[in-house]
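According to TrEMBL, the protein carries these features:
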- CYS385: active site, nucleophile (ACT_SITE)
- CYS252, ALA253, ALA254, PRO255, GLY256, ASN257, LYS258, GLU276, ASP303, ASP323: S-adenosyl-L-methionine binding site (BINDING)
- 167-451: domain 'SAM-dependent MTase RsmB/NOP-type' (DOMAIN)
- 1-33: region 'Disordered' (REGION)
Amino acid sequence: MPPPPPPSKNHGHVPAPQPPPGQPPRRRMASRDAAERAAFFARREAAAVLRRVLRGDASRRAAGSIKSLVYSPSVRNKRATFALVCQTLKYLPILKEVLASTGVLTSKWKKQEELVYVTAYDILFGQETATSGSVEQLIMLHKDTIMAALEKMCLRRKVRSVEDLVSKKSTVKPKPRFLRVNTLRNSTDSVIEELNKIHKVDKDELVPDLLVLPPGTDLHNHHLVSDGKGKASCMVAVALCPEPGWKVIDACAAPGNKTVHLAALMNGEGSITACELNKERTKTLQNTIQRSGANNIETINGDFLDIDNNDPSYAEVRAILLDPSCSGSGISTERLDHLLPSHSRGDQDDASTSSRIRKLSAFQRKALSHALSFPSVERVVYSTCSIHQAENEDVVSSVLPLASSLGFELATPFPQWRRRGLPVFEGSEHLLRTDPEDGLEGFFISLFVRKAAADAVKPTNGGLGVSKQVCKRRNGLMAFGSLRLSRMTMLCSTRALSRR
């Protein structure tokens with residue numbers, strides 16, 4: 001029998017525990033723990049976004065697009081949250097069915113059902129990383145049961161894998177990233193110099209102050225960039241083309257990208273009244289204006305229709321930009337609406353004649369009629385990000401008698417643009433459309449010009465009545481050869497940059 005080992009001389013020392021054979025060393029364990037914590041919080045952020053997306057889709061009153069909700073300041077881990085929300089929506093019909101069939105999503109968990117969906121997707125199909133969270137423990141406890149139910153589902157539907165069960169939904173084609181420099185804050189050349197340190201940047205050959213970057217370029221965390229929300233803000237603001245010193249109204253202004261573009265086109269001179277009915281969106285509008293450096297914009301949290309056109313405060317308004325609430329059908333792919341449950345149910349089939357569209361077009365007609373009624377207004381732009389005739393040509397056609405009686409006529413913004421309005425009334429060739437069929441977003445722009453003002457200003461650029469003084473440094477804006485609207489972003493210099 002061998003003698004016992006000698007007693008240790010280091011009685012006060014407790015050796016550090018070693019990982020069992022085959023397990024990674026302590027540093028790797030710490031790294032894994034960090035990854036699990038990051039996954040834990042990303043799931044909670046994704047669940048909060050998913051809740052707003054699903055509730056908005058169910059009520060047909062979206063709080064915002066998936067992208068706008070994910071890239072709000074309140075979401076910290078934007079990239080992981082965006083991926084989780086999109087993938088969970090993609091797998092949502094399957095997750096709902098299998099969680100219901102296995103009895104996992106009981107009434108006890110209904111208040112956290114969005115978190116259950118996100119966690120189930122992430123553990124079953126994503127990172128397969130779990131932490132001590134109660135929902136994570138729920139999914140891990142039933143993981144084998146859920147996987148067995150998924151296998152039965154595949155056999156029943158005669159497919160090889162769960163991925164084959166996922167419906168083949170539309171995808172967004174990769175497009176260049178386009179950035180508009182906020183010239184109120186910085187010069188285009190200085191922004192190019194700054195961005196060239198990390199990205200290849202080109203000047204757009206047609207549109208001044210517009211930069212082109214490769215598809216997929218992620219600038220959300222760049223200190224120069226304030227992300228724009230679309231709606232053809234560059235094209236719409238240029239179509240209105242207000243002169244420096246004018247009084248202007250942006251009737252439905254949030255999130256404010258069109259508003260600050262108008263301020264830049266006016267060289268910060270004159271005044272802009274930016275109206276927004278929704279209180280939360282007004283905060284977004286004010287934040288956009290503050291970051292832009294524009295100091296000639298007044299915001300109003302109220303309804304544009306409530307502004308009295310006979311009020312002396314608005315007697316000298318010369319231009320009005322009206323981009324009202326619309327269906328958003330032209331940017332549904334960019335908004336990722338194809339991932340929403342309503343799209344899966346085929347609710348879009350009769351969208352153009354739905355009650356929602358009828359209500360929207362009724363409001364749009366009323367708002368456009370109101371814009372035309374201001375006594376000194378010379379130019380009014382009506383635009384939407386919709387592809388539906390009911391919100392576009394039909395709205396314009398319905399107000400033409402009133403417009404004519406007030407001395408307005410349709411002008412032709414961007415006359416070299418090939419796609420015009422649908423030929424449903426005489427004069428529709430003055431309207432402008434872009435279309436998803438071309439692989440682009442769908443937008444609509446119409447321009448009303450008061451005849452006396454049009455006669456007083458020498459037409460330039462093929463017919464659009466705008467002064468040479470306003471457009472001289474934007475020469476060529478009317479000659480768009482291809483749409484430059486995809487993922488428009490406004491660049492704002494920060495204090496750090498301005499000190500350089």
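Quick reminder: no glycine exception, Cβ is built from N, Cα and C everywhere.
Not measured: the values here are computed from a predicted model.
A map of TrEMBL features onto the structure.
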{"residue": "CYS252", "record": "S-adenosyl-L-methionine binding site", "Cβ contacts under 8 Å, 6 or more apart": "CYS275, GLU276, LEU277, PHE304, LEU322, ASP323, PRO324, SER325, ALA367"}
{"residue": "ALA254", "record": "S-adenosyl-L-methionine binding site", "Cβ contacts under 8 Å, 6 or more apart": "GLU276, ASN278, ARG281, THR282, THR284, LEU285"}
{"residue": "GLY256", "record": "S-adenosyl-L-methionine binding site", "Cβ contacts under 8 Å, 6 or more apart": "ALA274, THR284, LEU285, GLN286, ASN287, THR288, ILE289, SER292"}
{"residue": "ASP303", "record": "S-adenosyl-L-methionine binding site", "Cβ contacts under 8 Å, 6 or more apart": "CYS275, LEU277"}
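Here the CA atom of the residue listed as 'active site, nucleophile' lies 13 Å from the CA atom of LYS258 (S-adenosyl-L-methionine binding site). Other C-beta atoms found within 10 angstroms of the C-beta of LYS258 (S-adenosyl-L-methionine binding site) number 28, with every protein chain shown included. Largest Cα-to-Cα span within the S-adenosyl-L-methionine-binding set CYS252, ALA253, ALA254, PRO255, GLY256, ASN257, LYS258, GLU276, ASP303, ASP323: 19 Å.
Cβ neighbours within 10 Å of the residue listed as 'active site, nucleophile', excluding its own Cβ and spanning all shown chains: 26.
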